[in-house]
């Protein structure tokens, strides 16, 4: 074959003409100008994004979030972990409804009662001391004394007491003395019962005869959930839950190990 000449191959027949669909051209208004935005650093104003992750939160919010994460990451001993097992909502509602009937009197109510008594005494009608009505007893020291003397019928402890050391001994003491106890969500709810912002623990000492049946039912349910399960609760550790980054890192290492083992085995 002489140099410079190209070999002629067979020409492929052209494809049959495909009828092209004619697209309707969009009518563009020349008055509308395209002005694309540049979201680079120092350029256009950034679009609205969810920046929750980058917010500098107040100190108390940071602390409570860090505390919650620490409780998940670290191994939590059973004595502290038992405070995560709060009473179910239905039983807690019934308990609070009953406790609401036995709220102690406010300062204003006490003042009015004493004033009425003083007026009666001044009028010469005689001073007859009234019997103290059954009310809730609040506070760690008061409740501890009542439990030790076996005068408490039911003890209610808040789950979020800070520092937790204030009430960490109470469940063990209640079980030892045979007093039914329960852990309820919210120290503020207990505080509301006794006209304070928060309250660590409250106790029932006496109730009126019409409420004895309701209290007995509650005590039975609470005893089953807490006092009778004490040995099980005592063995149950909490926390030790890794975060998503750690889980992903461990999974990656495991995957690499499995791959290496597979190549060795062939």
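In case you wondered, yes, glycine gets a Cβ from its N, Cα and C as well.
Residue 11 (SUMO2 cross-link) falls outside any helix or strand according to DSSP and counts as coil. For residue 11 (SUMO2 cross-link), the count of additional Cβ atoms within 10 Å of its Cβ stands at 6 [all protein chains shown]. Here Swiss-Prot flags 11 (among others) as SUMO2 cross-link, drawing on similarity to another entry.
Sequence annotations record features per position, and here Swiss-Prot assigns SUMO2 cross-link to 20 (among others) based on similarity to another entry.
According to Swiss-Prot, the feature SUMO2 cross-link maps to 21 (among others), an assignment based on similarity to another entry.
Summarising the annotation, Swiss-Prot assigns N6-acetyllysine to 34 (among others). In the three-state DSSP assignment, the secondary structure recorded for residue 34 (N6-acetyllysine) is coil. For residue 34 (N6-acetyllysine), no same-chain residue that is 6 or more apart in sequence has a Cβ closer than 8 Å to its Cβ.
Look at residue 48 (SUMO2 cross-link): DSSP puts it in coil. The SUMO2 cross-link annotation in Swiss-Prot covers 48 (among others) and is backed by similarity to another entry.
The SUMO2 cross-link feature in Swiss-Prot is assigned to 97 (among others). Other Cβ atoms within 10 Å of the Cβ of residue 97 (SUMO2 cross-link) number 10 in total over all chains.
Per Swiss-Prot, N6-acetyllysine is recorded for 97 (among others), and the stated evidence type is similarity to another entry. According to DSSP, residue 97 (SUMO2 cross-link) is assigned to a helical segment.
Its Cβ taken as reference, residue 125 (SUMO2 cross-link) is surrounded by 9 other Cβ atoms within 10 Å in the chains shown. Under the DSSP three-state reduction, residue 125 (SUMO2 cross-link) is assigned to coil, being neither helix nor strand. According to Swiss-Prot, the feature SUMO2 cross-link maps to 125 (among others), an assignment based on similarity to another entry.
Take the CB of residue 217 (N6-acetyllysine) and look out to 10 A: across all protein chains shown you find 13 other CB atoms. The N6-acetyllysine feature in Swiss-Prot is assigned to 217 (among others); the stated evidence is similarity to another entry.
Taken from Swiss-Prot, the feature SUMO2 cross-link covers 245 (among others). Under DSSP, residue 245 (SUMO2 cross-link) is assigned to a helix (H, G or I) in the three-state scheme.
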Integer Å distance between the CA atoms belonging to residue 48 (SUMO2 cross-link) and residue 97 (SUMO2 cross-link) | 46
Other CB atoms, at most 10 A from the CB of residue 48 (SUMO2 cross-link) = 6
